[in-house]
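To start, the structure itself, in structure tokens.
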Ligand SMILES: Nc1ncnc2c1ncn2[C@@H]1O[C@H](COP(=O)(O)OP(=O)(O)OP(=O)(O)O)[C@@H](O)[C@H]1O
Ligand SMILES: Nc1ncnc2c1ncn2[C@@H]1O[C@H](COP(=O)(O)OP(=O)(O)OP(=O)(O)O)[C@@H](O)[C@H]1O
Ligand SMILES: [Mg+2]
Ligand SMILES: [Mg+2]
């Protein structure tokens, strides 16, 4: 086979849109061919990444979470010993409902009470009794509880559970009761287990599916990525959390609590072999693209306040410890 | 890609070899082909096969097993083999050479090779999943996997990964899908082959086949946007069976529509192939057309029809998109057909394409699910084989 | 010794008129009519469903075949494009699309000023975003191809933003624009004003069929060119492998293989393969063709091979059923005149089984053409911008496929991609129809009763 | 032609079972039956004779509308059973065929057990109230067709596994079991040995006491033995139709004479 | 049994075409041919007679290994053609069947044109150098089978659209066209009228000058007319095998006598 001349990127579908925007611009503005960007999930991407070194393995894995130790080990075992970690920014996670519906101002506690399998009422653990938002807190609208949350395959789910449900569990004080009654581990698990009576609907598809579900069930509230919401402001109405409206600015400032970092991992061993690899990485994190004024931010990426550090690390080809 | 050029060259060579040996055979027979053991074209084919088969075979195997080898070397060897084949074929061409037998033996071997690809594929599938399945069972108890009734993977570990709810969902959805597609498909096939005019059949059949070609995502959206809400508003809510927009019923119905052509087109061909004399026999005894069809034609066509239904069932088991959008992603075991459920296949896909740690049981479970599903369908197929054997009616 | 005695009638056959139906016949006829009605009903259901689906696809996707363009003169300012003024291609290359975007923006503003278009509350962003981001890239490519243009004012036909395009296709309205972060009523009014000037028009969109995919920010530029090629390449591989192999395997199993446990195993195996979820074939493809055999990622050849393996069971099952249905007397007849089994199969049985084989092929290829899941794992569900070369080399270049394009587009945030996805589905169905036309024609030709 | 003369002979109307008038049959362009008019009597065995390919089977198949199943076949003229036009719109061919049974030229047993083959007709017509009655009908029919002794131990074996002659007798048994008013038999004894032939002829003779039977045969002897009336076909024409004795001893048409004396084919 | 006595009669070895020794055939459990030994002569017409279901077709199909195609059929014993065991591993059944042609009991034309039906054998065996030769073979074969006049204008029509007797003759023509050394004919005239039968018998007589012919028939007259040797089968046994004259005038076995005089079936 002739030597591969285009960069191969794979991984998270959350990072995919940003990667394609960069790849497209990279192809247009340089003499290198446009990188091929696959989607398939962080897991599959990292797995391919750790398959080994050489032309028929990929160069970059996109991930919506940091690489795990077990994955680093697998990488190492396959000879992928030098990995550069690049954090490109943050993905904001927002709650949105049909544009014609009620306005919502949530707290994490509301979400816990609405979706947890068990809640604490009068100091006792009971199966979640709430059917309407107004039952949870009087100033919430009188509307059926129906939430479309990311399925367990999505990284977003983890963030949702940790930063919303678990936080709500703490906030309501349910966490204490759970740990007291069930012990440390089970108590924590009880905090994060969602009700299964159809009020909380898992979505294994993508945000377009969540949107379609909201359109066919207008009293539903969905969990979306910020960028998805920003592209569909004509159909969706976003809810505040703790009084903060999500936006790239509020998230970057740390005011809006629910977000997660996005990464990509570069196989340093391929730099020099695959033409344009280093250039692509540098191009990606350059201020013109990943900065707050760049197209990525315009699309909805919360740009990283520490972008400069990342740029230096990339220039130095700094690898992560394995 | 020199290898692909090699293939083209070898093919051209065998074409030339065909022509050369064929005319040589005729010449050797002094123009009277009756003196030849076989028809001249068999001599030609013999040469073509001798040139092409070893060369292409070696190229393919070599390229596949030792991909690192220099393509030039492979090409050289292939061309040498092709040349040797040509020389050999020419020397062997003689009037009393049993060319037909030689060709048929080779062709038979090739046919055998074709059917062994199925075995190789199976072996490949099992092998490619066995390893990871092993990893999974090292990290997760097999009793909980096979007998667990909860499916709830978590990122942080501590997941419940019981297959039973998925298995139940798979069966439930497939049964509904077949309950839709088999009667519709079979009746459509019967109508097309027994009642419809040639014109209607020639239009209806390809039209129905388009259903098989519509990407499943379209069906998925159809389920999500049209059928799901419709079932919810017209059936589930009035009947007090819940208010879920996605349900087993939605996915089953929509999948059933997709599967219609699998049943109808294949069955139609098989029914059409039942000899007319059998129909005449039944009609001559005063049976109505429908009696003829039910009592004589269908039993005679049974193996083919069962094959078609099995194919439809297989597709139902293997379908992802429609289930994701139609039935939801919730793994639960219930009898209410208006509740959301999910299938093994969906979870294989979602665990493989998700964001979990690829070495964690939450991802590896996909392989275990795949292998388990494989074993279950194998069992079902064995049963089907015996049932067909038992009821097969061989005509003539 | 004769045992010929007449069966005494259990029910005496009373003479009844043919013109009046007796009760039993009436009942049987009613059953017959019902049966027939079921058949007709079944076909009707199938056809109606098809029409509904086609209707939704076509209404949703027809828009993708029209596109809104803006025709404006663009001043290629030498000061910005060639700062050194030496027209050195290497230096011109250093100027990025960003700069070209600004040029376009300036040109549009100039036009607005020149034509005296006034829109209340029109912001700079509205003007800037009216023109697609793709336009800058196209302009840059045009200048690089012909540096002599620098310094001139050239007419340019540029794509407009997807929302404005959607406005002319009914997807976006003034009300929705008011809520939309990515457009505004002012922008749409500006577009209307430009349209009134004859500078903006919605026309037939060839580039949808010829251009590659575009990133999430440029739905208006996305096309299915590479996807069509990728699907075509894959289908070539599938056609040339799965049909001969499938038919060959069926012939062997049905006509030559000894009927023993071993063939039973193969038989069960094949029907079991049909039940293997398609993504598992992707797992196999990744393991066997990419990791083991070292074929490249994202290449149609690998996709084709995987789809071949996936299609084989369908073709084999259909072919075997068709072969089984050929009456044995036909084989006997051929063997009786001294044909070999091979000859009897290839001369007589196979032609008679051809309709069934073709049906299997049609259905198998339809399935292969529309499949995404296995491609996920072998890297074909990808964003690919560069066209693959002509075959055979092109088979090894990265490409995407039609269903992949559909899958990708339906996941994207910008609603304009939904329309593109439906458009891609239309293309896919047309592709399928072209592929099947030959098969359907052949099938009709070979259909006969005996 | 002198075909008309046949019809001019007066027949007792009440005895006529089937009347055919000006029947024409085309297979596509091929004119297979040309203007045939004939009256078949009740409680009578009629033999159709004539060289191979002259249209005997075709005409026979018209009598119970089996030709409906051949796409390219067009039938015109009038055929009446008991005075009722069988090609009338209102006539249900199913009911017609229940009354006018048929044994085909090529034996076509169903790919079912021997028992089920014979029981098929009685089952669909509801001729047996219970299993015992059905068993009885099956046995009687098989005995009638001289097959009982050979198959009584293998009633559950498939009918397709029988020898040629056995299949033929099975088809006869199957047709007899439905108890039709008219039985059309297309060369029912072609694959039978003389003894079996004799038994089948005996059966035909018995059937005659209640029903009418039409039999196609190539054997003049058989025609002479079993039939009371004989029709001679030639190249699609009905050349002569008369009492069997008359035909064989005193044929009116030279072609008939040539045929029965073995001179034209 | 006295089967062995048949073999004791000395025959000129060079004249023997097919030797069968201790042939047994089973269909599953059914013992269809029991220990049959016989020697069929070259350039001779041998008739197989016997009641329906006695195993004539089964034995005939053993002679060119057509029984190979029936799964449940098992053949044992030794059958030799020109002294070579045809069940030998090395024997190519295809070549065998090219030498030993067969006309089946049930006519089974290919669903192809009449011309192609007949031309099929010559084509695969390369018997014709060019189209003209092929045309000639086809015409000759169809003439031989007394079908030419009926089909010469419709050679391109499908063979399945012929009448029963025409199909039978088509199959005869098809078998003859391949020019086999031995021709096995299973009731070739069962659906033919006397004239056509006579013509086919004439063909058989012509074939005899070069080949050997085995014919199964239910007509004693036919056996007497065309055959030189006759074998009488009964319930799977070969009861008697002798010169035809001998069998019909002076049968040795009482069963033979009963059969030819029409007493057992
Ligand atoms: N395929 C088969 N399976 C089972 N039994 C069979 C099969 N073919 C024939 N037989 C049985 O073997 C015996 C001999 O059959 P065969 O066909 O040889 O008879 P035959 O002498 O040719 O009779 P006929 O004159 O009726 O054709 C019969 O009893 C028949 O039922
Ligand atoms: N399905 C058909 N298509 C076209 N022609 C046909 C068809 N069936 C019969 N024929 C032709 O019609 C004519 C009469 O055929 P028919 O079967 O009635 O003859 P038959 O008298 O029964 O002859 P046989 O004694 O050979 O059975 C023949 O010339 C035959 O070739
Ligand atoms: Mg006939
Ligand atoms: Mg026989």
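Here the Cβ of each residue, glycine as well, is placed from N, Cα and C on the backbone.
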To which of the residue ranges B:166-190, B:266-290 does TrEMBL assign the term transmembrane segment? B:166-190
Matching range for TrEMBL feature annotation, transmembrane segment, among B:339-363, B:364-388: B:364-388
Residues sitting near the transmembrane segment (B:110-131): Cβ under 8 Å, six or more positions beyond its termini, same chain? 53, 367, 370-371, 374
Non-local residues, at least 6 beyond the ends, that sit with Cβ under 8 Å of the transmembrane segment (B:166-190): 151, 204, 208, 248-249, 251-253, 255-268, 271, 293, 298, 305, 308-309, 312-313, 316-317, 323, 327, 331-333, 337, 341-345, 347, 369, 373, 376
For the transmembrane segment (B:42-66), could you work out the same-chain residues 6 or more beyond its ends whose Cβ comes under 8 Å from its Cβ atoms? 3, 6-7, 10-11, 13-15, 17-22, 24-25, 36, 74-75, 77-79, 81-82, 85-86, 88-90, 92-93, 97, 99-100, 102-103, 106-107, 110
Should anything in the same chain at least six residues away from the transmembrane segment (B:364-388) have a Cβ under 8 Å from its Cβ atoms, list it; otherwise answer none. 125-126, 129-130, 132-133, 135-137, 139-140, 145-146, 153, 161, 163, 166-167, 170, 302-303, 306, 310, 313-314, 317, 344-345, 347-349, 351-352
